[in-house]
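Visitor: So Swiss-Prot lists these for the protein:
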type     : residues                                                                              : note
ACT_SITE : Cys381                                                                                : active site, nucleophile
ACT_SITE : His507                                                                                : active site
ACT_SITE : Glu509                                                                                : active site
BINDING  : Ser14, Asp147, Ile148, Glu149, Lys187, Thr188, Lys189, Pro190, Thr191, Gln192, Lys223 : CTP binding site
BINDING  : Ser14, Lys187, Thr188, Lys189, Pro190, Thr191, Gln192, Lys223                         : UTP binding site
BINDING  : Asp72, Glu140                                                                         : Mg(2+) binding site
DOMAIN   : 292-534                                                                               : domain 'Glutamine amidotransferase type-1'
REGION   : 1-266                                                                                 : region 'Amidoligase domain'
Amino acid sequence: MKTKFIFVTGGVVSSIGKGLAAASLGALLEARGLRVTHQKLDPYINVDPGTMSPFQHGEVFVTDDGAETDLDLGHYERYTSARLSKKSNFTTGQVYFSVIEKERRGDYLGGTVQVIPHITDEIKSKILDNAKGSDIAIIEIGGTVGDIESLPFLEAIRQFKADRGAGNVLYLHVTLVPFIKTADELKTKPTQHSVKELREIGIQPDILLCRCEQDLPREMKAKIALFCNVEEKAVITSMDAEHIYAVPLALHKEGLDEQVVEKLNIWAKAPDLTPWQQVVDKLMHPGHGKVRIAIVGKYVNLTESYKSLAEALTHGGIANDCRVHLSYLDSEKIEQEGIDGLLDGVDGILVPGGFGERGTEGKIKAIEYARTRKIPFFGICLGMQMAVVEYARNVCHLDDAFSSEFKQDCANPIIHLMEEQKGVSRKGGTMRLGAYPCTLAKGSFAQKAYGTLDISERHRHRYEFNNDYRDLLVSNGLILSGIYKEGDLVEIVEIPDHPWFVGCQFHPEFKSKPLNPHPLFRAFIAAALHNIKA
């Protein structure tokens, strides 16, 4: 089958839900037996989000091949069976970088390099390259229609219909139909203006996905269809759902996937959405009550920084048929106020990854609290490193143990800079990134969770466990249960005489899905649930 292209744009406001809409559509089309791939086009000039502040950009999602990408790729992977790559996310910065490199090589034979055709051709080339081998390529354009940064991307996708043929390209526009409380009615004017702006660029949307608080009445759909030049049945209501994993079911009920296959002339079987219905049923009606998990971090004022983490914990709840209630605790608050009372009543404690010294002592106090009070604990990346520091200080009595990331001259650098990172001065794209294999210790918490001895997980770090302290820590009871054998790197640590205490250097949250929860999150939530019963 010749690849079909679906371009997802957004209007009126940012954060309107394009990513979830694209991911949900991917889930619906995959349920129809189609091979789906996703791609996100970001208009900012940064080469990638790897060096951007979590407070500005939210989470950085890492792919198997080591790309630091937009958090929407996390949605795409969670909702489908896809394993995305560096090709699945590109930015204005990457496009211009590539075009300038070609110009310096002489690829343009002395021609004047312009936005049209050179920049737009580069954008189209990257879209086509990513789409190879798929039936459907869903491409989300970041930003909002009308943003000056988005114009080259919109021009490129406008050209796509002429390049590939009308029956092979579909434009889906996500827009807002606000409810005005004082007037007690929904207003279509923002949608009309958004579509008008899109049409001025030369793009006529085929489907409108209308985000609204209330169901759109038939007469309002007819009005939108008339003024926006789309079929009435192509005006799709997208109301706020009880849970984001209910969105595919809601959009299917509205007929979104039916409209897509009809307009793209695709023969596809009816979707089997039973697995999604089961997920939603477990979320809405859990059989084993609720567990309370505290996330102790430094970016808690912007929970988007921990997007995949929060979702993976929810997946652990799905696997254990229980509801997971998350509370976010700023580790600096622990430093300022002490830990007394801040973690009362929690059933599990998780310390996530992060960068910089701020808040680290608060994390160490939270880890000590979990260790000494036998509360299930999960440390990820920096969380694992601080767990080792806490153990060295309070069990091995190395009072000055720390990470050389935060104190270069510390006497006992339990965590130190990786050998291959020494001499690296550039920040962007230079960490240990992507998937690496790991061998597990038989009988460990990790091995029991995975059910195998050999695993592969995604990394994003520069610092690691210092092997000079292996013997000391092991002789004092710490288990090194996961090793990257090629580099002899410690990837997982555990405390065996504890209900469940695991720290891992990698980011397991990036591989968890609602239909296939990650083994470590499944085991962590199971331990928290058992902690309640105990």
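Just so it is clear, glycine is given a Cβ too, placed from its N, Cα and C backbone atoms.
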Visitor: Under a criterion of Cβ-Cβ distance under 8 Å and sequence separation of at least 6, what residues of the same chain contact Lys223 (CTP binding site)?
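Guide: Once residues fewer than 6 apart are set aside, Lys223 (CTP binding site) is near Thr188.
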Visitor: Given Asp72 (Mg(2+) binding site) and Ser14 (CTP binding site), what distance in Å do their CA atoms have, once rounded to a whole number?
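Guide: Per the Cα atoms, Asp72 (Mg(2+) binding site) and Ser14 (CTP binding site) stand 14 Å apart.
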Visitor: Can you give me the Cα-Cα distance between His507 (active site) and Lys189 (CTP binding site) in Å, rounded to a whole number?
Guide: 44
Visitor: Around the C-beta of His507 (active site), how many further C-beta atoms are within 10 angstroms, looking at every protein chain?
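Guide: If we count other Cβ atoms within 10 Å of His507 (active site), we arrive at 22.
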Visitor: Would you find the one among the binding-site residues Lys187, Lys189 whose Cβ has the most company, meaning other Cβ atoms within 10 Å?
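Guide: Within the set of binding-site residues, the most crowded position is Lys187.
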Visitor: Give the sequence-ordered list of residues that share a chain with Thr191 (CTP binding site), lie 6 or more positions from it, and have CB atoms under 8 Å from its CB.
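Guide: When sequence neighbours closer than 6 are ignored, Thr191 (CTP binding site) has Gly11, Val12, Thr175, Leu176, Val177, Leu208, Cys210, Ile224, Cys228 within Cβ distance under 8 Å.
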Visitor: Compute the C-alpha separation of Ile148 (CTP binding site) from Glu140 (Mg(2+) binding site), stating it in Å without decimals.
Guide: 17
Visitor: Using all protein chains in view, find how many other C-beta atoms are within 10 Å of the C-beta of Asp72 (Mg(2+) binding site).
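Guide: The answer is 25 other Cβ atoms.
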Visitor: Looking at the recorded positions listed here (Glu140, Cys381, Glu509), whose Cα lies nearest to that of Lys189 (CTP binding site)?
Guide: Glu140
Visitor: Which one, from the binding-site residues Ser14, Thr188, Gln192, has the smallest tally of other C-beta atoms lying within 10 Å of its C-beta?
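Guide: Ranked by other Cβ atoms within 10 Å, the binding-site residues Ser14, Thr188, Gln192 bottom out at Ser14.
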Visitor: Just jot down the residues in the same chain as Glu509 (active site), at least 6 apart in sequence, with C-beta under 8 A of its C-beta; none if empty.
Guide: Ser308, Leu309, Glu311, Ala312, Ile380, His518, Phe521
Visitor: In sequence order, what residues of the same chain, 6+ apart, have a Cβ less than 8 Å from the Cβ of Cys381 (active site, nucleophile)?
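Guide: Within the chain, Cys381 (active site, nucleophile) has Cβ neighbours under 8 Å at Pro352, Gly353, Gly354, Arg460, His461, Cys504, Gln505, Phe506, His507.
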Visitor: Given a separation of at least six residues and a C-beta threshold under 8 Å, show me what packs close to Pro190 (UTP binding site) in the same chain.
Guide: Gly11, Val12, Thr175, Leu176, Val177, Pro178
Visitor: Express the distance between the Cα positions of Ser14 (CTP binding site) and Glu140 (Mg(2+) binding site) as a whole number of Å.
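Guide: Answer for this pair: 13 Å between alpha carbons.
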